[in-house]
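Listed features, source Swiss-Prot:
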- 44-64: transmembrane segment (TRANSMEM)
- Asn378: N-linked glycosylation site (CARBOHYD)
- Cys489: heme binding site (BINDING)
Amino acid sequence: MTWMRVMPRCQNRTYKRPRGPPLSIHPLEFFQAKKVEKTAKAKMILYYLASIPLAIICYLAWYLHVPWDLPSLPRIPFYVSILGLWSSMGQDEIYERWLRKPLEAHGAVLIWFAGRWSILVTRPDLLTDMFRNEDLYAKAGSQKKIPWSVIATLVGDNIINSHGDTWKLYTGIMKPGLQKKNFDTAPLLLKSRRFVDEILAEQNSAGRGTGILVNTFVQQWAVDVMGMSFLDLDLQSLEKPHGTVRLEAIQSVIKLMLFRPLFFNFPDLDQFAWLIKSRQRAYEIMHEFGDTLMATVLGRIDSDREKGIKPAEEMVVHMLVDAYRDGRLTEKQFKDNLKIVFLTAHENAQQLVNSMFWEIGKNNEVQTRLRAEILSTNTTTPTSEVVNALPYLTAVVYELLRLYPPVSQLINRVTVRPAMLGNEIPIPAGTFVGWNAYGVHVNPAIWGPDANEFKPERWGRTVGEMHARFRRETVRGTYIPFNAHSRKCLGQGFVLLQMKILLFEVLRRIEWTVDPGYRLKMTPVSYFLESGRKSTDA
């Protein structure tokens with residue numbers, strides 16, 4: 001067997017190690033050493049590969065841990081918040097399975113929402129404490145919580161989620177246009193008639209007895225009514241071919257992008273949008289919406305002013321434009337408040353109308369009684385005085401808002417200093433708190449054993465009794481479709497009128513039932529139509 005000697009590259013020199021003689025290796029030993037070296041490298045690679053999931057697990061454990069200083073409340077399992085990744089369960093189903101019992105027993109729970117553990121409240125006295133103490137439980141929307149996110153890019157800093165002097169500035173400018181005593185009902189009736197025309201045409205095209213989807217028409221109606229009542233714009237979404245009014249068509253895209261469970265519950269992922277093509281597109285859509293809306297509004301108003309055309313009535317858009325032009329609002333503040341008017345003034349109505357078609361479509365007794373009351377007026381041109389005098393119509397709208405609150409859950413307040421909610425729940429500063437309106441409204445301890453039933457009669461017999469209970473339950477924190485106290489929705493009067501006018505026209509001209517394959521799905525902030533069809537027969 002031949003021996004070999006491993007020498008350094010430098011010729012004619014003997015390589016001397018610091019210790020021992022020059023290295024001599026037998027060929028067999030050499031290959032064995034190489035094998036050992038490869039095995040060591042393989043093990044090292046395996047260790048590295050194993051450390052990656054371990055590091056991820058450790059990071060998630062840190063990211064998802066409940067801060068030690070949060071109150072000792074029942075904790076809703078983290079996975080409940082991300083069920084949408086693999087489950088089609090609606091929020092009403094999720095509430096019944098995981099939230100109802102702890103919330104009704106304790107009044108508040110810890111829940112994972114928008115990238116952090118927050119406190120969700122449903123007990124009325126706790127809600128009242130939170131609503132009344134605006135300086136302690138300050139409004140803080142996505143622009144404060146997750147300012148880098150897609151949703152923050154969409155809504156920005158606006159009259160709904162701002163606080164302090166900024167909120168006072170916005171309210172001083174916008175309140176007269178949002179809380180008018182006498183809204184013009186002509187646009188409401190005009191668009192409601194067009195809406196009924198469109199769904200009847202769709203039904204005739206589909207054939208009698210065949211179900212049709214109405215959500216597209218509902219959104220078009222809601223956008224058109226919003227435009228004519230708040231922005232001095234007739235977008236004509238109902239009149240023009242579907243999808244040609246960009247400001248309306250883009251709303252469906254926005255809704256789909258906002259409520260993707262992964263990004264909704266892990267908004268930190270939006271900070272890596274440069275790696276995620278779908279999030280890049282989401283940011284583009286949000287910017288397109290804001291830029292298009294601002295250009296459309298200013299273009300219309302400037303054109304009218306150049307022609308000497310004065311608006312028929314002062315709307316919130318005119319107040320915003322004046323404040324922007326005289327420097328009270330920055331361009332961003334102007335745009336953010338335009339967007340929030342557009343979004344809330346159409347989406348809440350849209351979701352409530354979807355719920356209306358669902359509930360009244362499967363409740364023939366209510367539909368028949370309501371139609372009889374409407375037809376008894378002997379008019380086809382209802383005014384605000386006419387619809388506001390109808391007790392059953394009023395009760396139906398109130399009950400729809402109770403069982404189907406358009407904003408079913410919202411966590412957009414933060415403690416500015418350590419707090420003691422209801423004098424019993426200690427909350428550290430910087431904790432986000434919110435409410436679940438659906439949970440409040442279906443609590444049998446508040447609304448009785450029939451809390452889950454659609455029962456308009458619970459509101460009373462006369463319009464006066466109904467208004468009194470509406471106010472009483474709102475003050476108590478037991479009825480919160482429009483929030484309560486100083487931050488209650490400024491547009492609630494308009495929403496009630498809008499719904500009554502639409503219901504009047506729909507019930508006057510249409511009878512309908514719900515298609516057996518249709519399903520209503522409840523999302524964290526509103527209701528959306530889910531698979532299935534709605535049958536509408538004239």
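In case you wondered, yes, glycine gets a Cβ from its N, Cα and C as well.
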Could you state the whole-number distance in Å separating the C-alpha atoms of the residue listed as 'N-linked glycosylation site' and Cys489 (heme binding site)?
33
What three-state class does DSSP give Asn378 (N-linked glycosylation site)?
coil
Which one of these recorded positions has the most other Cβ atoms within 10 Å of its own Cβ: Asn378, Cys489?
Cys489
